[in-house]
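Colleague: A single structure is presented below for examination.
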Amino acid sequence: MAKSKFEYVRNFESEDNLLPNCWIVVRIDGKGFHKFSNKHNFEKPNDLRALNLMNRSAMCVMQEYKDIVLSYGESDEYSFVLRKETDLFNRRDFFHNQTLLYPPSFDARIVLYPSNENLQDYLSWRQVDTHINNLYNTTFWNLVQKGNLTNREAQERLSGTLSSDKNEILFSEFGVNYNNEPVMFRKGTILLRKKITNPNNDKLRQVIFPLHEDLVHNKFWAKHSEILTNNVNKFYNHEYEELPDLVKLQLNVVSDIEEDNLDQINTVV
Ligand SMILES: Nc1nc2c(ncn2[C@@H]2O[C@H](COP(=O)(O)OP(=O)(O)O)[C@@H](O)[C@H]2O)c(=O)[nH]1
Ligand SMILES: [Mg+2]
């Protein structure tokens, strides 16, 4: 094909490949969610509909991009961890400044973590952040909604308090034991690929499974050793009496994407 005189502008495209041999984390964060959640009457401090929608959307992202080994979500953010060997888009910086899920819109950043320890620390950082924010927000909204404080008064009341003080306020003033708050609010959501028995036909089936476990401690990484060792074929003996809705959704509603998935899995089993 003849080159036009305009062709030279291609030289302005700079290579922005990501370093090989590193974990790639893409974190998206809702744009202006403070306003968005107010305008859409989100429940305070946690809106179950919004969180479930975030989890469902992240599940779809994982169905589309098989190189995502783990996703972690809370509030208006989600982190997607791509396996070290991924060659997705030739490791080009494809998410930069690009909206992943909409509406609403999200900003995205990519961070590289060379060691397993770095990746574990990254996820621990996000989960500890979830804890700090959720304990604060739960106490704040109890003070406002049940304690009849204004937003400003609640903010002043909580200024300089420790976790133990907030637990105490919740318990002594509102009869709330923070540890009994829904675990999804306290720990966020971890999405992993797991092989389970499909109760519809007793066949093995790989699904994206939501967990709300503590990932700061080594126990999590030992229990879900496939994340770091890249082995997804182990059977997962989940401890739930009933499968989470997100899993049921995958077992009952077979979309085109999932049909692709099924083919792959049937050859593995
Ligand atoms: N009421 C409510 N608000 C939420 C929920 N999840 C996120 N938000 C709001 O979204 C904001 C997310 O924080 P951040 O990303 O720092 O703020 P942003 O720049 O406005 O998106 C929080 O401060 C809340 O105002 C929710 O479940 N319920
Ligand atoms: Mg945001």
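All residue numbers here begin at 1 and follow the chain in the order shown.
The backbone N, Cα and C atoms fix where each Cβ goes, and this holds for glycine too.
According to TrEMBL, the protein has these features:
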DOMAIN    6-92  domain 'tRNAHis guanylyltransferase catalytic'
BINDING   Asp29, Gly30, Lys31, Gly32, Phe33, His34, Ser75, Asp76  GTP binding site
BINDING   Asp29, Gly30, Asp76  Mg(2+) 1 binding site
BINDING   Asp29, Asp76  Mg(2+) 2 binding site
DOMAIN    117-202  domain 'Thg1 C-terminal'
Colleague: Looking at the binding-site residues Gly30, Gly32, which one has the fewest other Cβ atoms within 10 Å of its own Cβ?
Modeller: Gly32
Colleague: If you take the centroid of the Cβ atoms of Asp29, Gly30, Asp76, the listed Mg(2+) 1 site, which other residues of that chain have their Cβ within 8 Å of it?
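Modeller: Sorted by sequence, the hits are Ile28, Lys31, Phe33, Ser75, Glu77, Phe106, Asp107.
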Colleague: Check the binding-site residues Gly32, His34, Ser75 for any whose Cβ is under 6 angstroms from an atom of ligand 2, and report them in sequence order.
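Modeller: Checked binding-site residues vs ligand 2; nothing flagged, none.
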Colleague: Other Cβ atoms within 10 Å is the metric here; tell me which of the binding-site residues Asp29, Asp76 scores highest.
Modeller: Asp76
Colleague: By DSSP assignment, list the helix, strand and coil residue numbers for the domain 'tRNAHis guanylyltransferase catalytic' (6-92), in that order.
Modeller: 35 helix, 21 strand, 31 coil
Colleague: Identify which of the binding-site residues Lys31, His34 has its Cβ surrounded by the largest number of other Cβ atoms within 10 Å, counting every protein chain shown.
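Modeller: Most Cβ neighbours within 10 Å: Lys31.
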Colleague: Based on the record's binding annotation for GTP (Asp29, Gly30, Lys31, Gly32, Phe33, His34, Ser75, Asp76), what whole-number value in Å is the widest Cα to Cα distance?
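Modeller: In whole numbers, the farthest two Cα atoms are 12 Å apart.
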Colleague: Do you know the DSSP helix, strand and coil residue counts for the domain 'Thg1 C-terminal' (117-202)?
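Modeller: Looking at the domain 'Thg1 C-terminal' (117-202) with DSSP, the answer is 57 helix, 9 strand, 20 coil.
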Colleague: Just counting, how many other CB atoms are there within 10 A of the CB of Phe33 (GTP binding site)?
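Modeller: For Phe33 (GTP binding site), the 10 Å Cβ neighbour count is 18.
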Colleague: Looking only at the domain 'tRNAHis guanylyltransferase catalytic' (6-92), what is the mean pLDDT?
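Modeller: Its mean pLDDT is 86.
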